[in-house]
Each structure stands twice: as C-alpha cells, then as structure tokens.
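Reviewing the structure listed below.
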Amino acid sequence: MHQVKSFLLLAIDGEKMVVVNVGSCIGCRRCERSCPINGITFNEFPIKCMHCDRNPCLYACPENAIERINNKVVVIKDKCVGCGLCALACPFGAIRIDGVAIKCNGCYKRDVEICKEVCPTGAINNLEEILNNKIQNTVNKFNKLYYLYANAK
C-alpha cells in the first residue's frame, strides 16, 4: 500500500513556495504562536498568506496600505483603516481584521520564516528544498537522471 502525503501550499513569493506537509503536522501551533505579527490562522492546519502574484488584497485596499516588499505582500499598519476590503478580496481567507488588517508578511525582513524554524516535525518547508531533495534521492537511487523534452511547435 502506498502512503499518501499531502502538502498544503502556504506562500508563494515568486522565488519560494512554503508548504506544510499535512501528514507531518501535529497541530502543536508553534508556528502560530511564534509569528510576531499573528499572521497565521490555525484550524486543522496553518493558514497563511499566499503572497500571490495577482495581489487581489493590494488592489482592493482604498488606502494603499498593502504593498509588495521583497516579493512579499505586506500590510502597512500606519496606513490601514481596517475597512476589511482586503479580507473580502483574499481568495484564501488569510487576512483578518482586528482594528487593522493582520496577515502573514512572509518574514520579509528575515532569510528564513520563523514558523519554519520552530516547527518540531519539519512539516513546514520550502517546496524548492523538497523538490531538490526528491531529485537528489532519485539520482542517488538510480545513479542517472533522465529528462523528457516536449516537442514545442
């Protein structure tokens, strides 16, 4: 029988995708408690901003209180009036209003996300690292790596 591993996409920033291995998440909520801006909502698994390329929250904000900084979508709290239009526009439900908009800022001032650092099971990881490890394991196992190219016409 094959073990099914499911991953939940947490954030996209153009360079990195942060994912949660739902099968490894033990629900300890360390990611939620460690977030300095309370940007993670935890139901059965953590829910964070996807930092999507289209930024519907950014365009919905009438006060220009949401900006893209270092490929992360960030709320500028001094500009936010808490109208909630960004939360309505977010397709992932990752923004909540508590006087002002609160969402994951992707730890844009850090090299590594805090939630990833504190996860005791390693359930939070960068997709690039996961894929690189899988590729390396395949190369090590078969000692060869084959590529299939499509004929583009």
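One-based numbering along the chain as shown.
From the backbone N, Cα and C atoms, a Cβ is placed for every residue, glycine too.
Summarising the annotation, Swiss-Prot assigns [4Fe-4S] cluster 2 binding site to CYS35, CYS104, CYS107, CYS115 and lists similarity to another entry as the type of evidence. According to Swiss-Prot, the feature [4Fe-4S] cluster 3 binding site maps to CYS49, CYS52, CYS57, CYS90, an assignment based on similarity to another entry. Under the heading [4Fe-4S] cluster 4 binding site, Swiss-Prot lists CYS61, CYS80, CYS83, CYS86. The domain '4Fe-4S ferredoxin-type 1' feature in Swiss-Prot is assigned to 16-45. If you look up Swiss-Prot, you'll see 40-71 marked as domain '4Fe-4S ferredoxin-type 2'. Per Swiss-Prot, the feature domain '4Fe-4S ferredoxin-type 3' maps to 71-100. Per Swiss-Prot, the feature domain '4Fe-4S ferredoxin-type 4' maps to 95-129.
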Taking the Cβ of CYS35 ([4Fe-4S] cluster 2 binding site) as the reference point, list residues of the same chain whose Cβ is under 8 angstroms away and which are at least six residues distant in sequence.
CYS104, ILE114, CYS115
By a Cβ-Cβ criterion of under 8 Å, what residues six or more beyond either terminus of the domain '4Fe-4S ferredoxin-type 4' (95-129) are in contact with it?
7, 9-11, 13, 16-22, 24-26, 28, 30-32, 34-41, 46, 48-49, 51, 57, 65-66, 69-75, 77, 80-82, 84, 86-87
Is it possible to get the count of other C-beta atoms within 10 angstroms of the C-beta of CYS104 ([4Fe-4S] cluster 2 binding site)?
30
Cβ atoms near CYS90 ([4Fe-4S] cluster 3 binding site) (within 10 Å, other residues, all chains):
21
If H, G and I count as helix, E and B as strand, and all else as coil, what does DSSP give for CYS104 ([4Fe-4S] cluster 2 binding site)?
coil
CA-CA, which of the binding-site residues CYS49, CYS52, CYS57, CYS107 lies nearest CYS86 ([4Fe-4S] cluster 4 binding site)?
CYS57
Give the mean pLDDT for the domain '4Fe-4S ferredoxin-type 3' (71-100) on the 0 to 100 scale.
93
With an 8 Å cut-off on Cβ distance to the CYS35, CYS104, CYS107, CYS115 Cβ center, who else from the chain surrounds the [4Fe-4S] cluster 2 site?
CYS31, SER34, PRO36, ILE37, GLY39, ILE40, LYS48, ASN105, GLY106, GLU113, ILE114
Cβ-Cβ distance under 8 Å to CYS61 ([4Fe-4S] cluster 4 binding site), same chain, at least six residues away:
CYS80, CYS83, LEU85, CYS86
Among the binding-site residues CYS49, CYS107, which residue has its Cβ surrounded by the fewest other Cβ atoms within 10 Å?
CYS107
